[in-house]
Amino acid sequence: MKKSKKLSAVLATSVFLSGLQGISAYANDNPSSTKESDYVVVFKENMDEREMKKEIEKYSGKSIEEYEKLQVSSAKLTEKEAQRLENDGDILAVEPNTTFQAFGSIQQYSHERTSVGTAWEGGLTGKGIDIAVLDSGIAPHSDLTISGGVSTVDYTSSYTDDNGHGTHVAGVIASKDDGNGTRGVSPGANLYSVKVLDKKGAGKLTDIIEGIDWAIRKNVDIINMSLGTTSDSEALRQVIDKANKQGILVVASAGNSGNSAGTDNSMAYPARYDSVISVGATDTNNRRANFSSTGVYLDVMAPGKGITSTYLNNTYGTGDGTSQAAPYVSGMLALLKEKYPKASSNELRQLLESNAMDLGVKGRDNLYGLGLVQFPKEIKVEKPVEQEPDIPAEKENETQTDKAIVSTETQTVEKTTGQNESTQAPTTPEQDSASSTPTDEDVDDNLVTTMEVNKETFKHGEIVKVTMKVVDKTGNPVNKVKVYLDSVRETDGYVQQQRVGFTNSKGEYTFSFIAYDRYVEGYYFLKSKTSYLNEIQGEVSKKVYIKKK
């Protein structure tokens with residue numbers, strides 16, 4: 001007979017490192033310090049392992065491991081060496097090799113709350129869908145089938161769980177439907193154990209990056225990350241964007257650092273990234289669990305309180321946390337992908353988000369995101385599009401684009417670009433102040449920066465494309481210029497989104513994002529600035545109107 005036990009109280013609280021400090025802060029430290037620390041180095045240009053190692057050693061650093069396909073290397077550096085290395089023109093970023101922590105349990109109504117039974121009644125189980133669980137590993141269990149895996153931690157090559165967290169997460173996704181124990185959301189999905197966290201539930205940035213890279217090379221369908229940190233990382237963002245470009249759905253827990261009032265912006269990374277579906281936790285009454293992190297980056301909610309799942313030693317445990325909510329979403333995405341095998345990853349994400357049950361105040365909010373995920377009861381799919389990369393190969397340096405959306409009004413999957421629509425914003429006094437030309441321009445002493453937006457008016461769900469072009473005074477394109485873009489609400493100056501990228505050899509960079517429902521109807525300034533030779537060189541802006549469908 002199988003035993004049941006509660007998850008260890010050790011997992012009740014997630015501990016995170018302090019926020020990431022920019023390398024520029026090192027100027028205030030003791031420059032003579034010779035203490036070496038672990039860093040992650042992100043390169044701008046394509047270099048092989050030998051060249052990356054040589055670049056680091058040029059500044060007396062010690063290269064530990066090179067990830068050629070990701071253009072990332074880990075290294076031992078003093079603070080002074082790190083500062084000098086980041087100032088090198090070939091280096092995009094130098095970051096501390098920060099620690100990630102499993103969002104542990106603080107302590108099965110969940111299936112009925114999300115209508116997942118509708119999928120099961122239709123014969124859906126997630127069969128054939130590959131899900132990589134980036135966690136502490138997965139332990140052998142009679143209710144789990146492990147299709148393979150890898151360990152990226154230093155002390156073992158085994159991807160077996162020695163903590164319990166990963167096994168619990170895996171069970172939420174794909175515990176077998178055998179009449180015993182628990183039943184996962186997608187019991188027919190293929191689980192891959194990617195051990196990136198150690199026996200204490202902690203893992204280094206490089207462990208996480210290597211795990212994601214393994215999942216990309218394995219070409220899985222979904223990556224689940226019930227983990228996080230308070231530190232932003234360009235290296236992590238890039239590898240997640242790479243997974244997103246390949247059509248992999250990336251799901252991450254929002255974090256367990258919320259307060260009862262939900263008044264803070266407490267979400268962790270990588271849940272804050274646009275390429276990630278971030279998940280908060282609800283309780284048995286469909287209310288936000290008071291520990292669930294909140295903020296503008298929150299996408300959806302899923303059950304995350306009182307969740308029973310598989311655990312170590314062939315037992316079961318009951319726990320609370322956004323760690324339990326994220327795998328619920330991963331499992332539901334597996335069901336959707338099985339039902340609509342030709343839908344792109346962006347279409348599946350839109351399908352998930354557009355069918356969420358609105359909770360809290362009407363519309364998208366910082367406590368519940370778009371609401372509690374629901375399996376669609378009836379969706380007619382007409383002419384499903386062929387699976388294709390989410391980003392055209394010819395667009396260099398672009399971090400994310402969305403090739404298609406799901407119409408929430410007609411409930412059909414349809415390919416939409418928004419390029420040819422002629423819908424205009426309603427006439428208002430502010431209309432006169434909106435630019436009537438497609439391009440704004442800033443002429444600096446060194447560079448000329450222009451901005452082009454694909455339209456002036458967008459409905460919720462449509463794709464906004466902002467193309468920046470940077471040339472010198474003679475008209476020649478300038479490569480590797482850092483470009484920033486903020487989406488700022490006109491009425492109160494609220495910054496809805498922030499993005500960053502680098503121009504390509506044509507001097508161009510295109511930002512692409514969806515005008516989600518989180519954008520309240522009204523005017524927004526798309527404000528961009530460029531940084532070149534460590535100086536802000538150009539600032540341009542353009543006003544657009546976003547409205548409901």
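Just so you know, glycine gets a Cβ as well, placed from its N, Cα and C.
What TrEMBL annotates here:
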type     : residues : note
ACT_SITE : ASP135   : active site, charge relay system
ACT_SITE : HIS165   : active site, charge relay system
ACT_SITE : SER323   : active site, charge relay system
COMPBIAS : 383-401  : compositional bias 'Basic and acidic residues'
COMPBIAS : 407-438  : compositional bias 'Polar residues'
DOMAIN   : 126-371  : domain 'Peptidase S8/S53'
REGION   : 383-445  : region 'Disordered'
SIGNAL   : 1-27     : signal peptide
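Spatially close to ASP135 (active site, charge relay system) yet at least six residues away along the chain are ALA102, ASP161, HIS165, GLY166, VAL169, ALA170, SER193, VAL194, LYS195, VAL196, LEU197, ASN224, MET225, SER226, LEU227, judged by Cβ distances under 8 angstroms.
In the three-state DSSP classification, ASP135 (active site, charge relay system) falls within a strand. Summed and averaged per residue, pLDDT over the domain 'Peptidase S8/S53' (126-371) gives 93.
The Cβ neighbour count for SER323 (active site, charge relay system), using a 10 Å radius and every protein chain shown, is 36.
Every protein chain considered, the tally of other Cβ atoms within 10 Å of the Cβ of HIS165 (active site, charge relay system) stands at 29.
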